[in-house]
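What TrEMBL annotates here:
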DNA_BIND  86-123  DNA-binding region
DOMAIN    84-122  domain 'Homeobox'
DOMAIN    131-334  domain 'TLC'
TRANSMEM  39-56  transmembrane segment
TRANSMEM  136-155  transmembrane segment
TRANSMEM  180-199  transmembrane segment
TRANSMEM  262-285  transmembrane segment
TRANSMEM  305-326  transmembrane segment
Amino acid sequence: ILKTLNSWFWWENIWMPINCTWEHFVDRDGLVFPKPHQLYATIPYAFVLLIIRFFSERYVAIPLAKALGIKNVRRVKPQPNPVLESYFRECSKHPSQSEIQGLAKKCNCTVRLVEKWFRRRRNLEIPTVLRKFQEAFWRFSFYLASSIAGFIFLYDKPWFYDIWQTWVGYPFQTLLPSQYWYYMAEISFYWSLLFTLGIDNKRKADFLAHVIHHLAAIGLMSGSWCGNYVRLGTLVIFVHDTADFWLEAAKMFNYAHWEKTCNMLFIIFSIAFFITRIILFPFWILRATLYQPTYYSTTPVIAYFLFNGQLLVLQGLHLYWGYLIFKILRRFIFSK
């Protein structure tokens, strides 16, 4: 079954134009092509990023937080109690008064002690401001470094200024070393975010949207790597990262209660977000993926529909987050 599924997955009609086979993607005559097996390296690279994250959060983010006036609040742990812990995990974190009385009888203690135990236990679930600052610092550092690297990698490339150049010579476009490392770093970063979803600060409002976004990002980048849509892929990555580090910077100063700085950074982020995600992405990137391939070929491959479907999902998330940002801006402007 696995062999059959593997042959279906790598069927040429899915990935490449007519009259092209995987044999055409063998390195030759100075041409270097992306190879699917290279994506396996993103998993160990993700753990390398987690190690870098650990040291940067501990030895850079914490001193920076202290310099900005953020204190490390130590919460009191409740006394170990298997009965209450089991009820907290399996039944309810906010038991009713009658349930508290029943638990007090079961544990042979007072109602007040049970209420205090649940209050302390709930507090342990809430991430401290310092922890939130550390996470924002890590994402800020990566997005800023990725944006700078992306600009260095792309500024002298013709397809950075003329989107039609992304299809010139396709699929026989050589892979550049900068493109390799740009892709490996980005895919590894989103793998690392998925690995830490269970321990990172959970965003109740858009937790599911973040999971969908990370999976769609990994799927898109991995698929574009296999199909050698690397030129377009690097543009998509660059468009996404250039707005994100402004948001993480705004969060960091928000946790430090630097309100004016936070507000200014959030306004810059909002402008960057609407320019990159609401204007450039649909009218520049999606135009290149939806319209331009039909100019070069009258018979789009299956990957055309798969990739554009995922890109449209991303655009749907952009509109959803754009709506949330607009609500915050409206509240910020009219109610201060």
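Cβ coordinates come from backbone N, Cα and C, glycine included.
Caution: TrEMBL annotation is automatic and unverified by curators.
Long-range Cβ contacts of the domain 'Homeobox' (84-122) within its own chain (Cβ-Cβ under 8 Å, at least 6 residues beyond either end) map to 75-78.
Between the transmembrane segment (262-285) and the transmembrane segment (180-199) there are fewer than 3 Cβ pairs closer than 8 Å, counting only residues 6 or more apart in sequence, so the two stretches are not in contact. If you look at the transmembrane segment (39-56), the same-chain residues 6 or more away from its ends with a CB under 8 A from one of its CBs are 137-138, 141-142, 184-185, 187-189, 191-192, 195-196, 222, 225-226. Below 8 angstroms of C-beta separation, residues 49, 53, 56-57, 60-61, 64-65, 176, 178-179, 182, 185-186, 189, 234-235, 237-238, 241-242, 244-245, 248-249, 251-252, 255 of the same chain, each at least six residues beyond the ends of the transmembrane segment (136-155), sit close to that stretch. Non-local neighbours of the transmembrane segment (180-199) in the same chain are 34, 38-39, 41-43, 45-50, 53, 142, 146, 149-150, 153, 210-211, 214-215, 217-218, 221-222, 225, 230, 233-234, 237; each lies 6+ residues outside the stretch with a CB under 8 Å from one of its CB atoms. Each residue of the domain 'Homeobox' (84-122) gets a DSSP state, and the totals for helix, strand and coil are 30 helix, 0 strand, 9 coil. When pLDDT is averaged over the DNA-binding region (86-123), the result is 83.
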